[in-house]
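Quick look at what TrEMBL lists:
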REGION    115-315  region 'Disordered'
COMPBIAS  124-137  compositional bias 'Low complexity'
COMPBIAS  158-192  compositional bias 'Acidic residues'
COMPBIAS  204-225  compositional bias 'Low complexity'
COMPBIAS  227-281  compositional bias 'Basic and acidic residues'
COMPBIAS  290-300  compositional bias 'Basic and acidic residues'
DOMAIN    418-585  domain 'Tr-type G'
REGION    421-569  region 'G-domain'
BINDING   427, 428, 429, 430, 431, 432, 433, 434, 473, 474, 475, 476, 477  GTP binding site
Ligand SMILES: Nc1nc2c(ncn2[C@@H]2O[C@H](COP(=O)(O)OP(=O)(O)OP(=O)(O)O)[C@@H](O)[C@H]2O)c(=O)[nH]1
């Protein structure tokens, strides 16, 4: 056997000589140097030393109890990208680690080998290509599946990352270092010894060597631990690997799903974040808007501003949560539309901005302003255009409805008590009206009332022996009529003043006419009776001609001689008034909400609008909400005619009222209402109504006069003004005589001279037609007539007056139905038709025979049948009409007994205006 030197052994084992020398030294083999021979025993000792039991025959690798064997393999997997991303190539690295536990010293080597087991399987998967495209967010990008797996809880199955981390990348360094020569075949000695068979991998060498030496009958574990490629691996290892691969793929799939989920959740998160940002921005905007609003409001409110601006305790919290929910559906309102309404009012009723409404109107081709008045039709269109429901109501209905709402008490149901009469003085100029009124007032003061005459309030009350009398301090029929024209029949009694020394004058007559037109009883005061030339009988005579017959002459008019200078007869006059009021049974409820009439009003410095209200029913209290004409307000203070504050005013009591929103007009009604807001609404309704009335008056023509003025009563009132009395009387007589049972022509006034303002007032109040016969109206009268919608008619021929008035009166009579024969046909022969039965062959003798009109069949000029045409033919054609001189065939509906020489009369019914006959 050839002797081997240390150097040769080092070459064989491919290790440095020095290292081998050191190992030999450690193994207890004494060699002098590298060239010293080494025996087989010494080699064995060295090997045993390397195996860990140099001296005791056991494995002994430096005292280590475990030997770890590691191996890794790499494969590539092609995986389809998630959600359309391109396919990815995944590098899968499978690392295997085996640990051989060193047995105790006395443990047999076989058992040691048996104990070799798979301790860990580590799989590392690496994406061969970055998946940046599939994973847009860097932080979410998984470079390796490990990372993805680490993010995903189920990936825990893939097993412990720490192993991956700690697993040294270079394989088996320590083992390799300590490993003996991996290719022992060149060594002749080991070959002779129970050396393990040649192994490509040195790791297995020691392992394989041991069983080869001590347990050669168990090659499988050695082979399992040999580190051979798959083909050489045992079946269970392949199973494990395929199992691992399956798990890896499973985890990959999960990772992909998770990646998709992540992408989705990322999108959702981004969306949520975006929405949150937008919401925040909106909040900020709202906050800003709200803050601006607050600032505006705060600027108005001073203190609050500071509080809000400091943001301290009690600071205004910008609560972006509104107090109301935005409605999900558009609000459809019922909008009541009167005859006319302003753009502003209409906008308010629809709860929209006026500007918005104006825009809509512009879209409809109407340029308008907020104060522009819209007629009902237009307003209705706009309301419907804006999606609301239009409810047309007459202004009257609307006002009445509102009045019902604000007047909860039914005044008619209240108990009535007698009330003082309200008296107006009328008469001719300079006949002593003012002097008499003054005397009455002074007399009252002289009678013991304190305070004296402090102010003029348009009305006052006088205490007579038998009761109170209320005087309207506005003498003259103009005022009386003006009030009446406004619908305010305030006066109960008229005192007709006639100067005893002057007698009846034109204005006296006018006054009578006005009083009569107002259906107001007259008490005659013969003034200036103290004068020497006073002639009361003359007055009586002249008034008797006007049908005012004194009581002492058997009539029913009281005549009282008085003197405003001496006071003569004043008490008697007052008593006469009280007596007259008793005859009239003047009564009114004292309780309940007040209703009255505005006597006069003015705007006073320091007091604002002041209105004198004459209470007609109920009691007006301080603090009541009052609606007066187009104005309203709460009664701030009330004063009587002496300027003394009062807290209440009952029926027929005049009182000055402070607190209205404006100055109502004389004759306006004034009522106490329950709701100030409603009062405001009513005031605006009235304002609109007045505007509408003015507009309508402008358009009115006399042609409408008969129908618009007299249609209720079939009464035609006429006001006549003539140049001379003779004409006036003749005309009035002719007109009145035209009256018949259905229409009455009523001359409300018949005077001499020009047409005055007073005439127009009277005509307005009486709804009368004004006729000027050789007279003209003055400027004021013309203007007033125009405002009232009255047309003045001037004549110079009496028959023209009569004809026009007859036409107007005839308009009130309506129409009659008359028959008009339109054609007559003579029957020449009769023949039979299967369709119509008897058909008359006719010749049209007169007019035109028309289809569709009623007919009569006449035999010997006697009507024997009335009916209608069924068929009208000319030759074989149906025709609509046949003219005179033409032959035709006529079939009469439901009549078969037509004979030769009969006549067929075709007629139509027409409306004929009835006319009044002129007087003879
Ligand atoms: N002697 C006497 N004179 C009187 C009497 N009443 C009025 N007068 C005088 O007649 C004149 C006219 O009196 P007024 O009271 O102003 O007459 P009026 O009707 O109010 O006049 P107008 O306001 O212009 O319509 C005055 O000069 C009065 O002094 C009276 O009873 N006796």
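First residue shown is number 1, and so on along the chain.
Cβ from N, Cα, C; glycine included.
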Count of other CB atoms lying within 10 Å of the CB belonging to residue 429 (GTP binding site): 12
Secondary structure at residue 427 (GTP binding site), reduced by DSSP to three states: strand
Cβ-based isolation winner (fewest other Cβ atoms within 10 Å) among the binding-site residues 431, 433, 477: 433
Neighbourhood of ligand 1 - binding-site residues from 433, 473, 477 with Cβ under 6 Å: 433
Reported mean pLDDT - the domain 'Tr-type G' (418-585): 84
Densest Cβ neighbourhood among 427, 473 (binding-site residues), 10 Å radius: 427
Structural state of residue 433 (GTP binding site), classified by DSSP into three states: helix
Residue 473 (GTP binding site): secondary structure state under DSSP, collapsed to three categories: coil
